[in-house]
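Here is what TrEMBL records for this protein:
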ACT_SITE  His106  active site, proton donor
ACT_SITE  Glu640  active site, proton acceptor
ACT_SITE  Glu640  active site
ACT_SITE  Cys674  active site, proton donor
BINDING   Gln88, Phe89, Ile90, Asp142  (6R)-10-formyltetrahydrofolate binding site
COMPBIAS  871-884  compositional bias 'Pro residues'
COMPBIAS  949-963  compositional bias 'Basic and acidic residues'
DOMAIN    1-180  domain 'Formyl transferase N-terminal'
DOMAIN    205-269  domain 'Formyl transferase C-terminal'
SITE      Asp142  site 'Essential for catalytic activity'
Amino acid sequence: MKIAVIGQSLFGQEVYCHLRKEGHVVVGVFTVPDKDGKADPLGLEAEKDGVPVFKFPRWRARGQVLPDVLAKYQALGAELNVLPFCSQFIPMEVIDAPRHGSIIYHPSLLPRHRGASSINWTLIHGDKKGGFTIFWADDGLDTGDLLLQKECEVLPEDTVSSLYNRFLFPEGIKGMVQAVRLIAEGKAPRIPQPEEGATYEGIQSKEKAMVNWDQPAEAIHNWIRGNDKVPGAWTETCGQKLTFFNSTLNTSGLVPEGEPLPIPGAHRPGVVTKAGLILFGNDDKMVSVTLGVICRFLGFEATHSPVLGLSKFFKSGSASPPTFFFSKIEVKELCDGLELENEDVYMATTFGDFIQLLVRKLRGDDGDGPCVIDYVEMAVNKRTLQMPHQLFIGGAFVDADGGKTYDTINPTNGSVICQVSLAQISDVDKAVAAAKDAFENGLWGKISARDRGRLLYRLADLMEQHQEELATIEALDAGAVYTLALKTHVGMSIQTFRYFAGWCDKIQGSTIPINHARPNRNLTLTRKEPVGVCGIIIPWNYPLMMLSWKTAACLAAGNTVVIKPAQVTALTALKFAELTLKAGIPKGVVNIITGSGSLVGQRLSDHPDVRKIGFTGSTEVGKQIMKSCAVSNVKKVSLELGGKSPLLIFADCDLNKAVQMGMSSVFFNKGENCIAAGRLFVEDSIHDEFVRRVVEEVRKMKIGNPLDRDTTHGPQNHRAHLTKLLEYCQRGVKEGATLVCGGNQVPRPGFFFEPTVFTDVEDHMFIAKEESFGPIMIISRFGDGDVDAVLSRANATEFGLASGVFTSDINKALYVSDKLEAGTVFVNTYNKTDVAAPFGGFKQSGFGKDLGRRPGGCHLVIQQTSVKVTPPTPCQAPSWPPPWESGRPWPSPQQHVTLPRDPQPLPDSPSHILHREAQHPPWGGPAPSIPDGPRGQHRRPQRAGLWAETHRPHNRVGDRGPREVALLPAMA
């Protein structure tokens with residue numbers, strides 16, 4: 001049966017999965033729009049299966065169904081609508097459209113408890129029986145004919161969560177599947193609902209959940225558990241709101257000892273005990289609420305924190321020192337690493353404010369509301385793509401100044417995919433301003449390096465979850481073969497972010513011995529700091545991968561970025577921007593502006609607030625960028641530019657492997673590859689056989705739609721590039737090179753170019769010297785055994801990005817690789833790049849490295865600090881809060897240094913100079929825990945201090961090796 005699933009949540013996801021297992025065809029899924037950048041589980045599951053997913057914000061306006069929404073629904077041809085859990089109002093035009101109508105799940109035994117909060121009211125009314133109903137959908141009043149009902153016992157201590165998880169969720173899924181089975185078999189009943197016993201209660205909300213104390217304890221217990229955990233029953237005490245959870249009836253009759261807690265309107269004061277809180281009904285019977293559950297509302301367990309007097313806690317306000325520690329440290333430990341800023345805690349001056357702040361943070365809500373994304377939707381590759389198409393500035397998708405756009409083209413057929421915002425100079429300035437503000441004032445510069453790494457790991461995980469969608473967009477927008485895009489374009493992007501996420505907390509400086517160290521008692525150290533706003537200009541051949549190579553390192557170092565993707569391939573960059581929101585990357589850290597290089601790229605290079613430019617592209621443009629960076633503000637720059645990579649194939653090689661890897665070296669990614677072998681030098685004795693085998697393999701290549709799984713060669717990226725390749729081949733023929741195969745456009749729609757092979761290419765020819773950046777193999781001969789001559793020819797170029805050699809002689813391989821003037825040399829392989837290996841070129845192929853150990857030096861600046869160590873003075877306990885947390889100015893560079901005391905300090909020992917005992921800090925308490933680390937280096941786990949390691953001579957018996965120093969700002 002053809003089914004449309006309309007709904008949301010994990011319940012909807014499970015029903016959807018079970019229906020597919022039953023053999024039904026789900027023709028479409030209709031779910032809610034993403035909230036706070038998070039997609040609903042039902043929609044995510046359907047997207048994985050390639051089922052069309054629709055996320056309509058609404059189905060009707062002014063009481064009338066929206067025509068475009070109705071048309072999209074009707075186009076699916078559903079025979080039955082299944083609504084497992086649906087919070088939207090679905091028009092009757094949709095409800096009545098299928099041949100079998102629509103069925104819906106309701107978590108009560110209708111006609112009792114009609115309405116949206118039926119589980120709550122089942123408990124509030126103290127019902128002994130609960131259950132669910134599956135009925136034929138009506139106009140939203142829950143009055144439709146009954147199809148199926150199942151009931152269960154409601155236990156005395158049941159809450160909304162326990163009743164749902166124990167029965168309503170698992171049995172409800174089975175019931176929905178059973179109901180569909182009955183419909184398919186023609187056995188589904190339609191039983192009119194009786195009006196006898198019918199009730200309708202409104203939606204429970206926080207405002208309506210205040211406890212009425214003038215009722216028996218059992219009614220109070222039912223009220224609390226019926227509102228547990230959402231919206232949460234509450235009362236006021238000591239001027240604060242107190243919310244109750246997980247109540248139990250206390251039938252012991254004995255009132256435990258504890259501290260009284262006055263509750264306005266209550267029959268008698270509550271009692272705060274070590275076990276929790278005791279409440280009283282007007283019948284003097286008791287309700288217990290455990291302290292652990294109250295703390296768990298904060299994200300804490302009572303066992304993890306000191307037991308504070310509850311009334312004192314509320315009276316103190318959340319900004320008192322003990323509460324500050326309790327909230328900030330334990331929230332981070334127990335709420336999945338949730339990071340609270342000091343100002344967040346201090347500004348939440350009441351318990352209620354603190355709770356609201358915490359809930360918002362846990363939900364990923366920073367108070368500015370969810371980001372609204374105007375998607376372009378397209379059904380491609382058995383899935384519905386949702387593609388942002390606007391500029392991404394300051395955490396929001398916005399139109400370009402003046403609303404200007406341009407068409408982005410599908411190279412497979414030449415059709416328009418969508419209109420993308422065309423950025424203007426004013427948009428670049430806004431993006432740079434957002435990045436600068438995020439760097440100087442935002443959360444990004446305040447969180448620890450380890451937390452920064454955690455965010456990058458989360459981003460990598462999201463990219464992995466969306467890898468098929470990203471690969472599909474790469475195929476659609478860039479013509480990348482889908483299977484290759486999945487493995488390389490997207491796969492290596494994910495690896496890159498994971499790799500650099502691990503480096504975030506390993507960026508270290510060093511301590512340096514200087515002439516003035518003794519007797520003047522000076523210490524010199526270095527710190528590596530982020531440069532600030534980085535501009536990233538990426539090419540069109542690997543849109544997402546090149547973005548990842550440059551962006552991951554920048555972010556790992558603590559910088560913020562403004563990314564300019566290639567104008568013709570901007571869609572994966574914009575989808576990446578959406579994923580940064582979902583990952584929780586703070587607003588303004590990543591900004592993406594789409595448009596022309598001559599305008600947007602130039603403005604980035606000229607902008608005085610941009611401190612570093614990373615560029616991949618042509619040498620000609622790279623020179624212009626380098627000049628602009630120098631003239632504007634002497635900004636740092638790293639360039640990966642043109643190439644004409646030589647591949648030397650000697651007669652003693654494994655010829656089968658040489659042919660296989662030679663093909664890959666040229667035709668990988670349609671030849672649109674920075675390190676593609678621009679010229680193959682083949683030794684005379686194997687030249688003809690090599691060419692014969694290559695041509696044979698070329699003719700086996702499958703040219704076609706990049707989304708087809710058997711395609712090996714897709715379209716070139718854009719029309720202008722196709723035209724350039726045609727002209728390149730025409731010039732090669734004109735100069736006398738032999739065109740063995742290819743050289744023409746494929747006669748079909750789109751920008752397809754035949755894989756091409758040239759032989760008899762002489763050194764003076766244009767095609768021997770210039771890069772094609774396409775699927776064109778250039779083959780030249782060299783004399784047998786003439787190693788030095790071919791090396792001279794291979795190096796006779798201004799480019800030096802990559803190179804390769806094929807030989808079975810290890811000595812020859814090492815000799816040739818040493819002589820080749822290129823940033824990367826492949827021996828008996830090709831295209832084997834990895835995130836752990838540095839990548840970059842020589843000569844006019846640029847400078848600066850992507851990838852490799854640690855974020856590159858271009859993303860960091862080194863600050864040198866010299867400290868004069870002064871004699872000791874009495875030290876008082878620090879004020880609260882410490883100066884670096886309270887916003888007071890940092891102390892002068894002269895600081896106290898704490899070190900373990902030597903048992904027998906020598907006169908010239910650093911322990912005589914640096915004297916404070918870390919084991920016994922002057923303000924009391926335990927010594928700081930110093931983690932292990934590399935010798936002679938420092939690391940900065942947080943902004944409040946600095947760990948450093950010094951080296952000491954072996955001046956006495958025993959090992960006097962390196963020791964670690966904790967430098968803290970001097971305290972008042």
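Here the Cβ of each residue, glycine as well, is placed from N, Cα and C on the backbone.
Glu640 (active site, proton acceptor) has Cys674 as its nearest neighbour among the recorded positions Gln88, Ile90, His106, Asp142, Cys674, going by CA to CA distance.
When the Cα of Cys674 (active site, proton donor) is compared against those of the recorded positions Gln88, Phe89, Ile90, His106, Asp142, the shortest separation belongs to Gln88. As a whole-number mean, the pLDDT of the domain 'Formyl transferase C-terminal' (205-269) in this prediction is 85. Considering only the residues assigned to (6R)-10-formyltetrahydrofolate binding, Gln88, Phe89, Ile90, Asp142, the longest pairwise Cα distance works out to 14 Å. Between the alpha carbons (Cα) of Gln88 ((6R)-10-formyltetrahydrofolate binding site) and His106 (active site, proton donor) lies a span of roughly 14 Å.
A count of other CB atoms within 10 A of each Cβ picks out Glu640 as the most crowded of the recorded positions Asp142, Glu640. Checked against His106 (active site, proton donor), the binding-site residues Phe89, Ile90, Asp142 differ in C-alpha distance, with Asp142 being the nearest. Note on His106 (active site, proton donor): other Cβ atoms within 10 Å of its Cβ, all shown chains, come to 24. With respect to Cβ neighbours within 10 Å, the recorded positions Gln88, Phe89, Ile90, Cys674 differ, and Phe89 shows the lowest count.
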